[in-house]
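Annotated in Swiss-Prot:
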COMPBIAS  261-274  compositional bias 'Basic and acidic residues'
COMPBIAS  275-284  compositional bias 'Acidic residues'
COMPBIAS  687-697  compositional bias 'Acidic residues'
MOD_RES   SER275  phosphoserine
REGION    228-284  region 'Disordered'
REGION    684-720  region 'Disordered'
REPEAT    10-47  repeat 'WD 1'
REPEAT    50-89  repeat 'WD 2'
REPEAT    91-129  repeat 'WD 3'
REPEAT    302-341  repeat 'WD 6'
REPEAT    344-384  repeat 'WD 7'
REPEAT    387-426  repeat 'WD 8'
REPEAT    429-468  repeat 'WD 9'
REPEAT    472-512  repeat 'WD 10'
REPEAT    515-554  repeat 'WD 11'
REPEAT    557-596  repeat 'WD 12'
REPEAT    619-658  repeat 'WD 13'
REPEAT    720-759  repeat 'WD 14'
Amino acid sequence: MEFRFENLLGAPYRGGNAVITKNTQLISPVGNRVSVTDLSKNHSVTLPLETSTNICRLASSPDGTFLLAVDEQNRCLFINLPRRVVLHRITFKDKVGALKFSPNGKFIAVGIGKLVEIWRSPGFRRAVLPFERVRTFANSDDKVVSLEWSLDSDYLLVGSRDLAARLFCVRKLKGVLNKPFLFLGHRDSVVGCFFGVDKMTNKVNRAFTIARDGYIFSWGYTEKDVKMDESEDGHSEPPSPVTPDRADEVMVENGGGVGTELKKRKEYDGKGLESDEEGDDDDEEYMHRGKWVLLRKDGCNQASAKVTACDYHQGLDMVVVGFSNGVFGLYQMPDFICIHLLSISRQKLTTAVFNERGNWLTFGCAKLGQLLVWDWRTETYILKQQGHYFDVNCVTYSPDSQLLATGADDNKVKVWNVMSGTCFITFTEHTNAVTALHFMADNHSLLSASLDGTVRAWDFKRYKNYKTYTTPTPRQFVSLTADPSGDVVCAGTLDSFEIFVWSKKTGQIKDILSGHEAPVHGLMFSPLTQLLASSSWDYTVRLWDVFASKGTVETFRHNHDVLTVAFRPDGKQLASSTLDGQINFWDTIEGVLMYTIEGRRDIAGGRVMTDRRSAANSSSGKCFTTLCYSADGGYILAAGTSRYICMYDIADQVLLRRFQISHNLSLDGVLDFLHSKKMTEAGPIDLIDDDNSDEEGGIDKQSRGNLGYDLPGSRPNRGRPIIRTKSLSIAPTGRSFAAATTEGVLIFSIDDTFIFDPTDLDIDVTPEAVEAAIEEDEVSRALALSMRLNEDSLIKKCIFAVAPADIKAVAISVRQKYLERLMEALVDLLENCPHLEFILHWCQEICKAHGSSIQRNYRTLLPALRSLQKAITRAHQDLADMCSSNEYTLRYLCSVPNNH
């Protein structure tokens, strides 16, 4: 039962900047996790790592290998993306407003409060302190909000809230006044600053600064002789019309011989930042000492809207600007020609970024939890994903374990592809919260129950609501099920305490089951019999024979409110959970209690900020609200008002394992001990909303209602969502399960879908390397290298290099992503190769070793599987015809009398 975290679905984008690497790989923060989406394959995966709180800043290395993730508590993770592991950790001393790798990948610029710090990127050598700070610029008068490196990684353009942008020379210069150049004239914060490059010389000749009030400043650079003699006084520098001579902003070398009235700043002389040799400096022009001229100032004309996100593409000379009213503009620079001006939503855009080629634009809206990628040339969407805005209430697997359906308080039903991690259907017909879901056995239709008084049936082929089940008097439905044959649909109510039974085909009410005296929150048909089990807050579980119309067959009484009910897959056992934290197991045939599990202590843990008692004494309110049997019925999963999902062995009534659904401190109930100094007269200080979201740039939070305390005269705060699990569902294959939690839908799986391939790091993947591996009898490695090269002749050569006795071992070592290519090669060999038994042996071992993987990815592998089936069928037919012909010939020869 080695379940591991595999993916996160349904979680909304909650803010922070998105990053695109390798032109098609979109990296975005999802709470305290990182989501990676391959736009070319439409595949999304969430990395199996967490930060302490919600992520607010991301930055990737130029080659896309490393990722920096900074959370709200200034803790930074240095992540290796190919291996999906955290390499290093560091904590900054103040809020991080901007973060960026240098183009050469050697340095990292971090805007920490008013400071700009230059850190050396961790290398491949092991070190006690992998991060090395090599320089600090303390020239800004307010928070730094934007950074941009020059192409040669020698200059840094910094924008801040003090209405100015500064150009720094990162290197230390000998005998030259290292004073930052100021770009002034802005009337609001500089939210974006970028370098423009001359396409002929590939040198910086322009700069663009974007103010929060919607004005774009274009600056031109002119080289001039600014070299200084070592004996020349610093005051001999001719003052620039846009650079005031401020003594407190000058950074000089220690003992550099500049005027004594200038303030000296001692800095660490970091390796790699020292100046060039004196002989090389004679012919060098320093960009921060040259002449910068304001060429033009253009306004976006968005009235009272503010700029909240922007990006610039050097190759296309284009600027994209996102505003607080949901409008974005795409402009051709430097002439400021508007190419597109469109509205995405009515909420502010929190991120806007180009891809490497510049043909795709990525936008994020934290208020709506929406992330989309748009091709501005063809005006089409490449990706449009939006998680559930509110908590997910229910989740269920399809019978083939390929699809996952979710329903939430935002009145929407979403259907997800489990393998790709993307949502491909969203149904919005419900007008109130969706409370229950049920997949039909045909795998093509879904039932959903809602508080709006309807039960709807959805068709996946036509993407529509083909039938709606209602009652004469509107009722609120909180539970739903259907019989295994799909003829009857049943739903339990919240207000009338009844169970309605409809005919699935006609939609007419067949029966109304009465007897419960409280809301019916649990409902399930027996998998093998015609019994219907219902649980209610009236301390009872009732069994009904719906088809015989006999009413209640049997009643199981409890000592507390019954919250949910679940049948074992064989239908001979029934599990029910109660408000006191117990799980009761009943024999449905004999009608007796078999086992009882005391789970209150197992689910205990986590203290909410408004709790008056400690976590150790707060277990009285903990209970299991959802249960789910395993495919074989040997263990059961239980979860509820806690941060844990518990797995129990039913026969021994012992806790096998406990899964913590999140370590995100932005949620309430994660910690066992709270800091007493954070308690004030108005309540916990963390629940007081004292931040101004309009000034937080790309950071925004979703509104979850008035959950906390309010200050007099201030608007109600948003509070913190409480961590819990509302629904569980185990895949029919038994190899994965899904949990609808506060963070989203977590998927845990036994199958290790990610296997790190060391050959991905090799630079010598050549045909010669394949030949050498074959000669060294490393056929597994040779096969992997040949499939990476994707050369058909090499792949076939490696297949024949494997001895028949070693085929099984080599087949097991083949990676999942190479299965399709290997099958295509086997199909070609079946059609053109005389070694039929050898190739069939390969096919047999591939199917044995990767059967579960092929079943999970059958949609992707379907073309290769069909080709393989056709090739085998054709070979079988040819052999059958030959054998039949030979058989008839032998019969004829045997029947001919021997005349000799």
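Glycine residues also receive a Cβ, built from the backbone N, Cα and C atoms like all the rest.
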Selected stretch (most C-beta pairs under 8 A with the repeat 'WD 7' (344-384)) from 10-47, 91-129, 472-512, 619-658, 720-759: 10-47
DSSP helix/strand/coil residue counts for the repeat 'WD 9' (429-468): 0 helix, 22 strand, 18 coil
Cβ contacts under 8 Å made by the repeat 'WD 14' (720-759) with residues that lie 6+ beyond its boundaries: 1-12, 30-31, 33, 45, 82-84, 387-388, 391-397, 399-401, 404, 406, 416, 418, 606, 608-609, 625-632, 637-643, 645, 659, 661-662, 664, 666-670, 686-687, 704, 707-708, 765, 781, 784-785, 788, 815-816, 852-853, 855-856
Intrachain residues whose Cβ lies under 8 Å of the repeat 'WD 6' (302-341), provided they are six or more past its termini: 17, 188, 191-192, 194-197, 206, 208, 210-214, 216, 218, 295-296, 347-354, 357-358, 361, 363-365, 376, 694, 697-698
Positions on the same chain near the repeat 'WD 2' (50-89), where near means CB under 8 A and six or more residues out: 14-19, 21-22, 25, 27-29, 31-34, 36, 95-96, 98-101, 103-105, 108, 112, 121-122, 130-131, 662-666, 698-699, 701, 754, 756, 760-761
Stretch-averaged pLDDT - the repeat 'WD 8' (387-426): 90
Helix-strand-coil residue split for the repeat 'WD 13' (619-658), DSSP-based: 3 helix, 23 strand, 14 coil
Close approaches to the repeat 'WD 3' (91-129) from elsewhere in its chain (Cβ under 8 angstroms; 6 or more beyond its ends): 56-63, 66, 68, 70, 73-76, 78, 135-153, 156, 158, 160, 168, 170, 270, 272-273, 697
Outside the repeat 'WD 9' (429-468), six or more residues from its ends: residues with CB under 8 Å to it: 390, 393-400, 403, 405-413, 415, 474-482, 484-486, 489, 491, 494, 502, 504, 507, 523
